[in-house]
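Per Swiss-Prot, these features apply:
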- C97-C189: disulfide bond (DISULFID)
- N5: N-linked glycosylation site (CARBOHYD)
- N8: N-linked glycosylation site (CARBOHYD)
- N265: N-linked glycosylation site (CARBOHYD)
- 1-25: topological domain 'Extracellular' (TOPO_DOM)
- 50-57: topological domain 'Cytoplasmic' (TOPO_DOM)
- 80-100: topological domain 'Extracellular' (TOPO_DOM)
- 121-139: topological domain 'Cytoplasmic' (TOPO_DOM)
- 159-196: topological domain 'Extracellular' (TOPO_DOM)
- 220-236: topological domain 'Cytoplasmic' (TOPO_DOM)
- 260-272: topological domain 'Extracellular' (TOPO_DOM)
- 293-337: topological domain 'Cytoplasmic' (TOPO_DOM)
- 26-49: transmembrane segment (TRANSMEM)
- 58-79: transmembrane segment (TRANSMEM)
- 101-120: transmembrane segment (TRANSMEM)
- 140-158: transmembrane segment (TRANSMEM)
- 197-219: transmembrane segment (TRANSMEM)
- 237-259: transmembrane segment (TRANSMEM)
- 273-292: transmembrane segment (TRANSMEM)
Amino acid sequence: MEGKNQTNISEFLLLGFSSWQQQQVLLFALFLCLYLTGLFGNLLILLAIGSDHCLHTPMYFFLANLSLVDLCLPSATVPKMLLNIQTQTQTISYPGCLAQMYFCMMFANMDNFLLTVMAYDRYVAICHPLHYSTIMALRLCASLVAAPWVIAILNPLLHTLMMAHLHFCSDNVIHHFFCDINSLLPLSCSDTSLNQLSVLATVGLIFVVPSVCILVSYILIVSAVMKVPSAQGKLKAFSTCGSHLALVILFYGAITGVYMSPLSNHSTEKDSAASVIFMVVAPVLNPFIYSLRNNELKGTLKKTLSRPGAVAHACNPSTLGGRGGWIMRSGDRDHPG
């Protein structure tokens, strides 16, 4: 460690998918399509929820936050990757790398928390429908979103500050398409055991615990659905919850493969593929699985888009914050399955 030359590295090289030289145009088109699809889908959800006061209920409040996060998560990595492919450059500045690492961790953490909150919301709606409005009150809904935002902001800040105190040697090549913490740690000349321990602790507390909560929520949901006498009702509930659970398994499975295994067992190709799943693919699928399959939301979208000035109205802060706005009418509408 100490014998290596410690130099002040001003930039890193993101190799990304550079080994796929013959497929660079295809990769550019693929990631651009995925990014724009996710961007458009999540913006549509925000537009619909922001423009219709009838959708200012707990479920759609959580959906709006999820859509916002799913706009930001791929935006922290994909534009830079597309720029590097287009310009045939692979550099990213040292401050830019740390900033990218921070925002990726922050939005991934928040995505994880929101999936957990939405699983709980679904559990209350299905298992305690008569008490839904009482349980999912304004104060609880606000706390279920505010507390995760605080944790999601502060936790990656700790990792970023710890990373900023490490020394880096002449090796500045990152075998990834973004500045992932597990790709940066092996490049350091300093002792990174504390950093690795903090990563494992973070994954254990911020990802494993919520995933267990989600699993328990869905077990209770399945148990409640099995008591429904109508076969059609069971099929509808299982169809909806099954697609949600599949996405959750995809999200957590990818994160577990990247962050729960020791650094020595990491494979560049596997890490990149797994990261694409939870950084790019999941945010694209979320709008379709959680929202665009919802007839109520699709109906609102059609009415909103056909109305002049709909976008300006939806983006007006007063639309979301007036009296009787967010979450205040949680009992006015049935919770969509």
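Glycine too: its Cβ is placed from the backbone N, Cα and C atoms.
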Listed stretch, out of 26-49, 197-219, 237-259, 273-292, that has the most CB pairs under 8 angstroms to the transmembrane segment (101-120): 197-219
Other CB atoms within 10 A, centred on C97 (disulfide bond): 24
Other parts of the chain folded back onto the transmembrane segment (58-79), taken as Cβ under 8 Å at six or more residues beyond its ends: 31, 34-35, 38-39, 42-43, 45-46, 49-50, 100, 103-104, 107-108, 110-111, 114-115, 117-118, 121, 125, 136, 141, 144-145, 177-178, 279-280, 282-284, 286-287, 290-291, 297, 326-327, 330, 335-336
Packing count at C189 (disulfide bond) (other Cβ atoms within 10 Å of its Cβ): 18
Where C189 (disulfide bond) sits in the secondary structure, as DSSP reduces it to three classes: coil
DSSP-derived structure type at C97 (disulfide bond), helix or strand or else coil: helix
For the topological domain 'Extracellular' (159-196), the number of residues DSSP places in helix, strand and coil: 17 helix, 4 strand, 17 coil
